[in-house]
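The feature substrate binding site is assigned by Swiss-Prot to Asp28, Ser29, Tyr60, Gly61, Asn93, Thr94, Thr205, His206. Residues or ranges marked as active site, proton donor/acceptor by Swiss-Prot: Cys92, Cys204.
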Amino acid sequence: MATKLQDENTPCLAATPSEPRPTVLVFDSGVGGLSVYDEIRRLLPDLHYIYAFDNVAFPYGEKSETFIVERVVEIATAVQQRYPLSLAVIACNTASTVSLPALREKFAFPVVGVVPAIKPAARLTANGVVGLLATRATVKRPYTHELIARFANECQIAMLGSAELVELAEAKLHGDSVSLEELRRILRPWLRMPEPPDTVVLGCTHFPLLRDELLQVLPEGTRLVDSGAAIARRTAWLLEHEAPDAKSTDANIAYCMAMTPGAEQLLPILQRYGFETLEKLPV
């Protein structure tokens, strides 16, 4: 089916009738959340998915905590007013570290967050050096340091915060090539270490989109660890045990916050991920 572009004032075309399915919102500031959505969809292909991305305020890594909390709650509320939700996944590490309490207080449906996969990385490392690749905001958050103290206190944690990697991942999904030299420059602090990390936590949902390029630049044998599969399993459990009975027969839909040329360029990509329409969400 051809992907359809719609503004908020355009009525959504009727979806092909199907069995009612639980409705799951996957939210990110950009397109990185598609990496999490893809893991969930592999495990749970028969759900009604809504993907929302905040291309007005992207990237969140440079925004204040207060702004992020208010913004995420506002967007989730706007989606919930259109589709009763069974569950929401905040597929953004930066937003997850600050907005989950407010979301869980406001909404009755379960809210799943994304946290850096430090615990499994600490188990996998052979040389005891674990790299955390994230946004600068995630690197600085007390929550991240609490995870390290709890699960990786016997490891050396090399943290690297980068907003540029987020931009590179977004550009790649728009069809641009990724400069390996640029990646080497960003990763230089690790590449210059006498003993670089043998296990790297991808602490931003954008970074799995750069997996192939990162493996070309990092030392041979480096393991890359992310939270996608664990989030999918958690989503499945919550839908079975705790989620409200909010079902829909509608087709999957994506929401942006502004219908920009960049958003329009995402149409073929969103189609490949199974979203039939892209609409502007008025917030």
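Just so it is clear, glycine is given a Cβ too, placed from its N, Cα and C backbone atoms.
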Measuring Cα to Cα, how many angstrom lie between Tyr60 (substrate binding site) and Cys92 (active site, proton donor/acceptor)? 9
Could you tell me which three-state DSSP class Asp28 (substrate binding site) falls into? strand
Which chain-mates of Ser29 (substrate binding site) that are at least 6 residues away have a CB under 8 A from its CB, listed by sequence? Phe53, Asp54, Asn55, Ala57, Phe58, Pro59, Tyr60, Cys92, Thr94, Ala95
Identify all same-chain residues not among Asp28, Ser29, Tyr60, Gly61, Asn93, Thr94, Thr205, His206 whose C-beta atom falls within 8 angstroms of the centroid of the substrate site's C-beta atoms; report them in sequence order. Gly30, Gly32, Gly33, Pro59, Cys92, Ala95, Thr135, Val166, Cys204
Provide, as an integer number of angstrom, the distance between the C-alpha atoms of Asp28 (substrate binding site) and Cys204 (active site, proton donor/acceptor). 10
Can you check which residue among the binding-site residues Asn93, Thr94, Thr205 has the largest number of Cβ atoms within 10 Å of its own? Thr205
When a 10 Å sphere is centred on the Cβ of Asp28 (substrate binding site), how many other Cβ atoms does it contain? 29
If you measure every Cα to Cα pair among Asp28, Ser29, Tyr60, Gly61, Asn93, Thr94, Thr205, His206, the residues listed for substrate, what is the largest value in Å? 12
Just to verify a number: CA distance, Asn93 (substrate binding site) to Cys204 (active site, proton donor/acceptor), in angstrom, no decimals. 6
Near His206 (substrate binding site), which residues of its chain come within a Cβ-Cβ distance under 8 Å, counting only those 6 or more away in sequence? Gly30, Val31, Gly32, Ser35, Leu165, Val166, Ala169, Glu170
